[in-house]
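Peer 1: Got a structure for you, questions after.
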Amino acid sequence: MRECFEVRDTDAGGRIGELTVPRADVTVETPALLPVINPNLDTISPRRLATEFGAEILITNSYIIHGDDTLHERALEEGLHELLDFPGAIMTDSGSFQLSEYGEIDVTTEEILAFQHEIGSDIATPVDIPTPPDVSHERAEADLETTQERLEIAEAADTGEMLVSAPVQGSTYPDLRERAGRHADGTELDVFPVGAVVPLMNDYRYDDMIDVVAAAKRGLGADAPVHLFGAGHPMMFALAVAMGCDLFDSAAYALYARDDRYLTVRGTRQLADLEYLPCSCAICTAYSPDELRALPDDERESELAAHNLHVTFAEIRRIKEAIRAGNLLELVEQRARAHPTMLDGYRTLLDHAAQLERSDPVSKGSFFYTSHESARRPEVVRHHERLERLSVPDSLLLTEGDSPRSDEFDDSWRVEPPFGPFPRTLSRSYPLTAEVPERTDRAALEAAADGVARLVDANPDTAVTIAHRGWPAGVLERVPDSVDLVDLQSDDGR
Ligand SMILES: [Zn+2]
């Protein structure tokens with residue numbers, strides 16, 4: 001077990017956890033948002049972040065402080081917590097972003113780690129190489145080797161109680177991301193940022209983002225706290241949490257405010273376009289859109305940033321509550337409807353349902369079938385796997401109708417979309433208690449037919465009959481030929 005991180009509750013790949021930050025003497029509950037503070041200008045002061053927004057942790061850039069004579073001196077003299085006036089945990093970045101933007105920086109990993117330690121950072125970052133998406137495999141691999149060398153330097157450095165992060169790189173190559181995750185997990189380092197995903201998010205490539213995170217997670221193992229580096233839009237938090245991300249950092253709240261952009265969980269709006277403010281935070285209830293637009297630039301930027309932060313923190317709380325209630329995937333389904341690329345992200349998440357199934361709780365409160373994507377949820381995957389292990393009699397009726405009165409069959413099981421067949425004794429156990437719409441869709445029927453096929457394939461000597469309510473021919477094609485078919489809706493049905 002990693003000593004600094006404990007998982008308390010899970011749902012799909014998402015978890016509520018506790019990140020212990022010894023140097024700050026603070027325990028941060030995850031999923032957590034780290035507002036980004038630019039040490040040169042704060043749109044919202046760190047003290048306000050703590051008192052007004054409940055921020056337990058923030059992130060700032062040690063490279064900027066290192067390179068600015070005044071800040072450098074003050075940080076060494078007063079310490080980072082005094083300098084920023086923040087009572088919670090402070091994570092620092094290392095200049096890797098500047099490296100990716102400008103091609104070079106003037107510090108080494110040893111120097112910047114020592115500096116982060118000296119100024120009192122609680123979670124430090126080595127200088128990794130953020131390889132952009134879609135470069136050649138060769139380059140991504142070479143960059144990764146450099147990053148891994150830096151992690152080994154960081155591991156050997158004397159950093160005391162300070163936690164140190166181990167960024168996971170590898171561009172858009174799942175094999176490299178997985179290898180990077182495994183290597184990082186094998187170090188003594190503490191927090192695991194999945195790096196260089198910002199270009200993917202800027203291009204709305206949520207499908208690729210999910211593949212990258214899924215690969216990193218396969219390498220990292222279940223007890224590693226994962227930070228999605230540079231991800232600050234609340235629209236995609238639920239999706240990323242469901243794939244197993246625990247920490248997010250937001251510069252978006254301030255950057256967007258500077259451009260008069262208003263964050264919502266369904267996307268970004270221009271303040272100029274808003275006739276109503278669809279939010280009930282302190283800002284949105286105090287102003288009309290016209291009043292907000294009429295404010296002086298500085299004030300408007302600060303008020304918009306405050307709204308953006310309120311929305312962002314509220315979504316984090318909503319996600320935690322969804323994990324507690326066991327309906328995180330229902331929340332992800334709602335968010336997936338906000339933008340077609342989010343839907344691609346959710347469908348990609350479901351490509352990894354077997355991976356998610358390993359952390360998904362066996363029992364939850366409810367399973368709501370709310371879209372045809374629900375047919376691919378981890379619970380359905382798990383039920384299909386379980387079907388292979390259930391013992392069956394010599395002859396078995398699977399029926400959507402009532403139990404037969406005759407003793408023509410040794411036993412009769414229920415069959416229900418999207419799960420497929422199950423013994424009646426399981427009908428009150430999760431997820432078979434699912435709420436499914438009356439108007440069953442094709443995806444649910446196909447998943448049920450696949451369940452029948454799994455059961456039949458695992459028990460070739462059992463004579464199986466299925467009594468269905470008018471399943472279309474294309475769905476029945478998924479059922480093995482050996483199965484007798486009875487249509488309950490036709491005249492000769494029983
Ligand atoms: Zn608001």
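From the backbone N, Cα and C atoms, a Cβ is placed for every residue, glycine too.
From TrEMBL, for reference:
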- Asp93: active site, nucleophile (ACT_SITE)
- Asp128, Ala196: substrate binding site (BINDING)
- Cys279, Cys281, Cys284: Zn(2+) binding site (BINDING)
- 13-340: domain 'tRNA-guanine(15) transglycosylase-like' (DOMAIN)
Peer 1: I'd like to know which of the binding-site residues Ala196, Cys279, Cys281, Cys284 has the most other Cβ atoms within 10 Å of its Cβ.
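Peer 2: Of Ala196, Cys279, Cys281, Cys284, the one with the most crowded Cβ is Ala196.
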Peer 1: Name the one residue among Asp93, Cys281, Cys284 whose Cα is closest in three-dimensional space to that of Ala196 (substrate binding site); these are the recorded positions.
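Peer 2: That would be Asp93, the closest of Asp93, Cys281, Cys284 to Ala196 (substrate binding site).
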Peer 1: Nearest to Asp128 (substrate binding site) in three-dimensional space, by Cα, is which of the recorded positions Asp93, Cys279, Cys284?
Peer 2: Asp93
Peer 1: What residues, ordered by sequence, lie under 8 A Cβ-to-Cβ from Asp93 (active site, nucleophile) and sit at least six positions away in the same chain?
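Peer 2: Once residues fewer than 6 apart are set aside, Asp93 (active site, nucleophile) is near Ile59, Thr60, Asn61, Ser62, Tyr63, Thr125.
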Peer 1: With the Cβ atom as the reference point and anything under 6 Å counting, tell me which of the recorded positions (Asp93, Asp128, Ala196, Cys279, Cys284) are near ligand 1.
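Peer 2: The ones that qualify, in sequence order, are Cys279, Cys284.
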Peer 1: So around the Zn(2+) site, Cys279, Cys281, Cys284 aside, which residues have their CB within 8 A of the centroid of those CB atoms?
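Peer 2: Output for this site, in sequence order: Leu277, Pro278, Ser280, Ala282, Ile283, Thr285, His307, His310, Val311.
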Peer 1: With every protein chain in view, what's the tally of Cβ atoms within 10 Å of the Cβ of Asp128 (substrate binding site), excluding that atom itself?
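Peer 2: Excluding its own Cβ, Asp128 (substrate binding site) sees 30 Cβ atoms within 10 Å.
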Peer 1: Looking only at the domain 'tRNA-guanine(15) transglycosylase-like' (13-340), what is the mean pLDDT?
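Peer 2: Mean pLDDT, the domain 'tRNA-guanine(15) transglycosylase-like' (13-340): 97.
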